[in-house]
Amino acid sequence: MGQIFSRSASPIPRPPRGLAAHHWLNFLQAAYRLEPGPSSYDFHQLKKFLKIALETPARICPINYSLLASLLPKGYPGRVNEILHILIQTQAQIPSRPAPPPPSSPTHDPPDSDPQIPPPYVEPTAPQVLPVMHPHGAPPNHRPWQMKDLQAIKQEVSQAAPGSPQFMQTIRLAVQQFDPTAKDLQDLLQYLCSSLVASLHHQQLDSLISEAETRGITGYNPLAGPLRVQANNPQQQGLRREYQQLWLAAFAALPGSAKDPSWASILQGLEEPYHAFVERLNIALDNGLPEGTPKDPILRSLAYSNANKECQKLLQARGHTNSPLGDMLRACQTWTPKDKTKVLVVQPKKPPPNQPCFRCGKAGHWSRDCTQPRPPPGPCPLCQDPTHWKRDCPRLKPTIPEPEPEEDALLLDLPADIPHPKNSIGGEV
């Protein structure tokens, strides 16, 4: 049984392996210009043909769409032939850069096989990205975002910096296919970019909207509310299209690098008071922001996005995620950090028992608290005495010598200079 392909295609179909991202975006842009729009079957046949074309030795870099059209078999299924025809026409309309004049060479050109002479330097060509244009005929109908659509778009721009050509081409394709309102574009910005990039984009968009409202836009009625509110109406297609162009143009003021500065990584500690965290942010922004950059929008954004989870829940519950800083401080002033130290639980003492102790036979205490020593389980293995333990056996104690008699002790106290009687020859004593 054959496969069934639906008419609703993924917002950004995945490119075939081996094809550059900007080339695949050109194929997608040409496919979205078809009337009626492309289906999943058309994208499937396009990827299948590109896989075969990339394996042929006749592949040229940059891609030559006329050569690809000559490689397409006759009667190939799908609308690949129409897609290549649109690319050939668009490539012919884009003026190519003039080639640099050939370098002056001496009369005797060195042979190409000479290993001592390097080949001439060829300047690498920049990736050619076709401009995004809306298809001919009726504009696309508005469709709200779904989570799978946002995930597919974020996966495509994960390696590209905000404002880069690949990033803008992917975003334009998504805007062209879904025709989002101002609320949808705000949700897309918060899902794709960091809080810092979203704050900078919001500042640039506000200035562009103010300039456009002053200049005047076709279909804009100042009495009906701001341009952002009127662009949320799905029936205002022309006015919504103007807002989409302003929203895309606001990315031009973003830096080319997606790396956030050091003050963007300041986070609130688990037990840090909210006002101390905001004070640290304020000092870091004063020392790190370039001159002329507004500080309040960035401070409000970081005060919510970099706060801990408990403060974020308080701000979100009271609707102060992007409110003035004073309201955010008042919302979190009653919050106190939880004490994380362990509290020793003191168990209440049990009343003394009425029964007698198993050891001493007296009442008023438990046997584990008895002061009387525990009796031995049996007689001593040394002396067979059942009243003491082996460690207390008298046989293990050293013997103390007996004291000398009292007479000997008295003799020791006699003076030593008394002369002893001697027997002489004369018989004198």
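Placed from the backbone N, Cα and C atoms, the Cβ positions cover glycine too.
Of the given residue ranges 118-121, 270-273, 394-397, Swiss-Prot assigns the label motif 'PPXY motif' to 118-121. In Swiss-Prot, the feature phosphoserine is assigned, of Ser105, Ser323, to Ser105; the remaining candidates carry no such note in the record. Between the stretches 8-11, 124-127, 164-167, 388-391, Swiss-Prot puts its motif 'PTAP/PSAP motif' entry on 124-127.
Secondary structure of the zinc finger (355-372) per DSSP, as helix, strand and coil residue counts: 3 helix, 2 strand, 13 coil.
In the predicted model, the zinc finger (378-395) has a mean pLDDT of 85. Counting residue by residue with DSSP, the zinc finger (378-395) contains 5 helix, 0 strand, 13 coil.
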